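A.B. asks: Below: one structure in structure tokens.
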């Protein structure tokens with residue numbers, strides 16, 4: 001019990017100039033895109049090997065260490081939460097150090113630079129999770145500790161050349177670095193498989209299903225059926241461009257956000273995704289939304305699949321040993337995969353039955369502007385339930401329909417059956433693949449997407465009071481704010497009557513937009529827009545909302561921001577052509 005209380009009481013070659021032009025040349029002022037992240041100021045930290053004790057690392061607020069060779073990691077952070085809704089974090093590690101030390105150093109830089117944001121995120125999401133749920137948290141603590149012990153045993157049992165388990169070890173090295181720096185501990189590069197609040201933050205998605213497995217009493221204000229996200233892949237007319245976008249939808253307490261790039265000094269042949277860029281959260285190693293671009297030329301997104309078949313929540317399908325939680329598997333898949341098929345195959349290992357999603361993985365290497373797509377391996381999906389996992393090449397669909405949309409409903413028939421979605425769809429079109437509001441809006445409006453601006457407009461779309469597909473047999477108003485590509489459940493009527501529980505008033509809305517096209521992807525860039533959709537809807541304002549008792553420490557009151565076009569300071573090289581077999 002002491003450990004339990006400790007766990008949840010802690011608060012992460014320019015052409016040669018012609019001589020006769022020398023006197024006629026004047027410098028031209030560089031004009032930055034007003035939406036570019038390049039205009040922001042950054043705080044820098046270097047993580048350096050201690051000059052007298054090589055078993056310790058030091059944090060230096062500078063771009064360099066006194067001894068250049070001692071620099072393990074460089075971190076850069078710009079806190080723009082009050083101007084854009086985002087923090088921007090860049091982490092680079094250096095190949096002169098071992099992988100373990102690099103991973104730990106990357107965590108140290110993040111834990112130091114984003115300590116305040118980690119604290120706010122902890123308070124908003126983790127601090128109260130055991131309030132009135134003491135018995136549940138006992139069960140959870142035992143389950144998670146058993147899982148951590150099993151993973152540690154597998155790391156020890158498998159050779160260090162095993163790519164999967166090596167990356168598990170590196171993941172926990174990075175996590176340990178965040179925890180140690182955040183907690184202002186001695187920075188000794190070690191790898192801890194420990195339960196602490198920073199670890200709990202990684203489990204945000206996995207907790208949806210662990211809550212059900214371990215019988216946590218449901219919170220009536222939580223979104224009941226996992227309609228967390230909208231995802232979209234689109235070919236421009238004539239295949240002139242390609243787009244991939246995502247909207248995360250969740251509790252509004254989750255709007256403490258960070259845009260990140262990790263650039264590890266790993267061997268690119270061993271770790272093709274050694275650079276990843278993503279939208280995420282303070283102190284969290286993976287996107288969780290998810291929206292991730294990798295240096296191997298892949299982008300992965302997901303939308304959550306609710307499990308209505310409660311018989312799946314048993315130790316037959318979900319157990320602490322023999323399984324690896326979703327957040328770790330997604331991180332490893334991003335780092336190690338060269339192709340979409342490799343990604344979905346890698347992710348399917350050690351299925352934990354937690355954070356059950358439809359993943360969509362796009363291989364940009366297979367795309368050439370104005371050229372016909374190959375017949376295979378451009379777009380892969382995977383779908384998961386407890387005890388079952390299936391993948392499929394969806395290139396044919398993208399070629400035939402020029403788009404693929406993901407909206408929290410399984411595409412694969414067996415997954416639909418196992419999860420219970422097929423029974424739900426027979427009762428309400430809300431749960432029908434192809435027939436739900438977002439499915440019908442995507443099908444109607446996808447052809448309007450021709451550039452990054454029209455992509456942004458579609459993914460932020462919500463005009464529910466005028467949208468025919470948002471209408472419902474509801475009172476007092478015959479429509480729902482959940483009936484848009486980006487939800488506004490906070491605008492529904494408290495105490496209203498809705499056909500389906502998830503149509504109603506909830507602490508649930510679109511939190512963002514992320515999208516990229518081919519030119520942006522080539523530099524691992526994307527556009528990001530923080531906050532719930534507005535115009536024509538009202539701007540979200542914590543001072544003027546019907547939501548009560550929703551934690552939002554460190555958040556701006558008014559979310560009237562516009563988008564940011566990311567321009568990383570770090571050089572980010574991406575694989576642009578298919579790998580040789």
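Even glycines carry a Cβ here, placed using N, Cα and C.
These came from Swiss-Prot, pasted as-is:
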SIGNAL    1-16  signal peptide
CARBOHYD  50  N-linked glycosylation site
CARBOHYD  82  N-linked glycosylation site
CARBOHYD  132  N-linked glycosylation site
CARBOHYD  169  N-linked glycosylation site
CARBOHYD  215  N-linked glycosylation site
CARBOHYD  309  N-linked glycosylation site
CARBOHYD  543  N-linked glycosylation site
CARBOHYD  546  N-linked glycosylation site
CARBOHYD  560  N-linked glycosylation site
A.B. asks: Using residue 82 (N-linked glycosylation site) as the reference point, find which of the glycosylation sites 132, 215, 543, 546, 560 has the shortest Cα-to-Cα distance to it.
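C.D. replies: Of the glycosylation sites 132, 215, 543, 546, 560, 560 has its Cα closest to that of residue 82 (N-linked glycosylation site).
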A.B. asks: Rounded to the nearest angstrom, how far is the Cα of residue 169 (N-linked glycosylation site) from the Cα of residue 543 (N-linked glycosylation site)?
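C.D. replies: It is 44 Å, counting Cα to Cα.
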A.B. asks: Out of the glycosylation sites 50, 169, 309, 560, give me the one sitting nearest to residue 132 (N-linked glycosylation site) by CA distance.
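C.D. replies: If we rank 50, 169, 309, 560 by Cα distance to residue 132 (N-linked glycosylation site), first place goes to 309.
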A.B. asks: Of the glycosylation sites 50, 215, 546, which one sits closest to residue 169 (N-linked glycosylation site) when you measure Cα to Cα?
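C.D. replies: Comparing Cα positions, the closest of these glycosylation sites turns out to be 50.
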A.B. asks: Just to verify: the residue among 309, 546 with the fewest other Cβ atoms within 10 Å, which of the glycosylation sites is it?
C.D. replies: 546
A.B. asks: Would you kindly give the Cα-Cα distance separating residue 215 (N-linked glycosylation site) and residue 309 (N-linked glycosylation site), rounded to the nearest Å?
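C.D. replies: With the alpha carbons as reference points, the distance is 15 Å.
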A.B. asks: Among the glycosylation sites 50, 215, 543, 560, whose Cβ has the fewest other Cβ atoms within 10 Å?
C.D. replies: 543
A.B. asks: What is the separation, in Å, between the Cα atoms of residue 50 (N-linked glycosylation site) and residue 546 (N-linked glycosylation site)?
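C.D. replies: On Cα coordinates alone, these residues lie 53 Å apart.
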A.B. asks: Provide, as an integer number of angstrom, the distance between the C-alpha atoms of residue 215 (N-linked glycosylation site) and residue 560 (N-linked glycosylation site).
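C.D. replies: Between the alpha carbons of residue 215 (N-linked glycosylation site) and residue 560 (N-linked glycosylation site) there are 39 Å.
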